[in-house]
Amino acid sequence: MATSAIEQSAFAGQTALKSQNELVRKIGSFNGGRATMRRTVKSAPQSIWYGEDRPKYLGPFSEQTPSYLTGEFPGDYGWDTAGLSADPETFARNRELEVIHCRWAMLGALGCVFPEILSKNGVKFGEAVWFKAGSQIFSEGGLDYLGNPNLIHAQSILAVWASQVVLMGLIEGYRVGGGPLGEGLDKIYPGGAFDPLGLADDPEAFAELKVKEIKNGRLAMFSMFGFFVQAIVTGKGPIENLFDHVADPVANNAWAYATNFVPGK
């Protein structure tokens, strides 16, 4: 009797496993006759930056967080006073836009400070101050990218503007509309060929990197805003402003410039 029970149990297990495999096979081949199965079950990251016990925007003094901010996504500190994330579709779109703007801001901030740093260390490649570099196109000799006439030599602002509109329009159109290059990949974190260093191979490390990216990206967006204000108020680049402040903190600070700033001068 015991042997019979064991055999029946084994047969039932094999039958269930066969049925499960058959279901997976059918689902996998449903998409246009192609086996395109994807893993949809995700384990929650064990990082302190996720979940209900994650750090909040005011620490222990934070108010009750909205029910739709569960700590599932990176950079969620439970703060949404305006209710911008209440609608799931709007929330998903805003998350994508924020990550994209974060990446552009980090590249832009680096592009604002790096030429000045090189210039301070004796490397000459044209105008180093970021908001003055583009104005060289109006000079008689035009604008040489990286100060090298053998690279891109621009003399028409309209041609540069049109080229950027076309190139960025094509890229953004492809990103929004989709195409074979990114088919089946996550729109924000595609991985694969877009992760040649394999930084996303470890799920827990990848979850931490997402948080670091969004935090540094938000800081970069604020930095870019500060660079814009500095350019208007002081007429200098961020590195030169930093050197001036270190040399004389009393005379060169935000309060001193704000109280003495006269628009148009």
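Glycine too: its Cβ is placed from the backbone N, Cα and C atoms.
Residues or ranges marked as transit peptide in Swiss-Prot: 1-37.
Taken from Swiss-Prot, the feature N2-acetylarginine applies to Arg38, supported by similarity to another entry.
According to Swiss-Prot, the feature phosphothreonine maps to Thr40.
Cβ contacts within 10 Å of Tyr57 (chlorophyll b 1 binding site), excluding its own Cβ and spanning all protein chains shown: 14. The DSSP secondary structure for Tyr57 (chlorophyll b 1 binding site) is coil. Per Swiss-Prot, the feature chlorophyll b 1 binding site maps to Tyr57.
For the recorded site, Ser85 (chlorophyll a 1 binding site), the DSSP three-state label reads coil. In this view, Ser85 (chlorophyll a 1 binding site) is surrounded by 18 other Cβ atoms within 10 Å of its Cβ, with every protein chain counted. Annotation source Swiss-Prot lists chlorophyll a 1 binding site at Trp79, Ser85, Glu98, Arg218, citing similarity to another entry.
Long-range neighbours of the transmembrane segment (99-119) within the same chain, counting only residues 6 or more positions beyond its ends whose Cβ lies under 8 Å from a Cβ of the stretch, are 125, 128-130, 133, 188, 213-214, 216-218, 220-221, 223-224, 227, 237-240. According to Swiss-Prot, the transmembrane segment annotation covers 99-119 (among others).
The annotation chlorophyll a 2 binding site is assigned in Swiss-Prot to His101 on the grounds of similarity to another entry. Annotation note: His101 (chlorophyll a 2 binding site) sits in a helical segment as assigned by DSSP. There are 16 other Cβ atoms within 10 Å of the Cβ belonging to His101 (chlorophyll a 2 binding site).
The Cβ of Leu181 (chlorophyll b 2 binding site) has 11 other Cβ atoms within 10 Å, all protein chains considered. Under the heading chlorophyll b 2 binding site, Swiss-Prot lists Arg103, Ile152, Leu181, citing similarity to another entry as support.
Around Gln136 (chlorophyll a 3 binding site), a 10 Å sphere centred on its CB holds 15 further CB atoms from the protein chains shown. If you look up Swiss-Prot, you'll see Gln136, Leu146, Glu213 marked as chlorophyll a 3 binding site, on the strength of similarity to another entry.
Positions annotated as transmembrane segment by Swiss-Prot, on the basis of sequence analysis: 151-171 (among others). The list of residues near the transmembrane segment (151-171) in space but at least 6 beyond its ends in sequence, with Cβ under 8 angstroms from a Cβ of it, reads 137-138, 142-145.
The feature chlorophyll b 3 binding site is assigned by Swiss-Prot to Ser156, Glu172. If you draw a 10 Å sphere around the CB of Glu172 (chlorophyll b 3 binding site), it holds 11 other CB atoms from the protein chains shown.
Reduced to three states, the DSSP call for Gln164 (chlorophyll b 5 binding site) is helix. Summarising the annotation, Swiss-Prot assigns chlorophyll b 5 binding site to Gln164, Phe261.
Residues or ranges marked as chlorophyll b 4 binding site by Swiss-Prot: Gln164, Arg175. For Gln164 (chlorophyll b 5 binding site), applying a Cβ distance below 8 Å and a minimum sequence separation of six or more within one chain yields no residues.
Sequence-distant neighbours of Lys212 (chlorophyll a 5 binding site) (same chain, six or more apart, CB under 8 Å from its CB) are absent. Sequence annotations record features per position, and here Swiss-Prot assigns chlorophyll a 5 binding site to Lys212, Gln230 based on similarity to another entry.
Annotation note: Asn216 (chlorophyll a 4 binding site) sits in a helical segment as assigned by DSSP. As annotated by Swiss-Prot, chlorophyll a 4 binding site applies to Asn216.
Positions annotated as transmembrane segment by Swiss-Prot, on the basis of sequence analysis: 219-239 (among others). Counting only same-chain residues 6+ beyond the ends of the transmembrane segment (219-239), those with a CB under 8 A from a CB of the stretch are 101-102, 105-106, 108-109, 112-113, 116-117, 120, 128-132, 257-258, 261.
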Distant-in-sequence Cβ neighbours of Glu213 (chlorophyll a 3 binding site), under 8 Å, six or more positions away: Pro74, Val99, Cys102, Arg103
Span of Arg103, Ile152, Leu181 around chlorophyll b 2 - largest C-alpha separation, Å: 28
Candidate binding-site residues His101, Ile152, Ser156, Glu172, pick with smallest Cα gap to Trp79 (chlorophyll a 1 binding site): His101
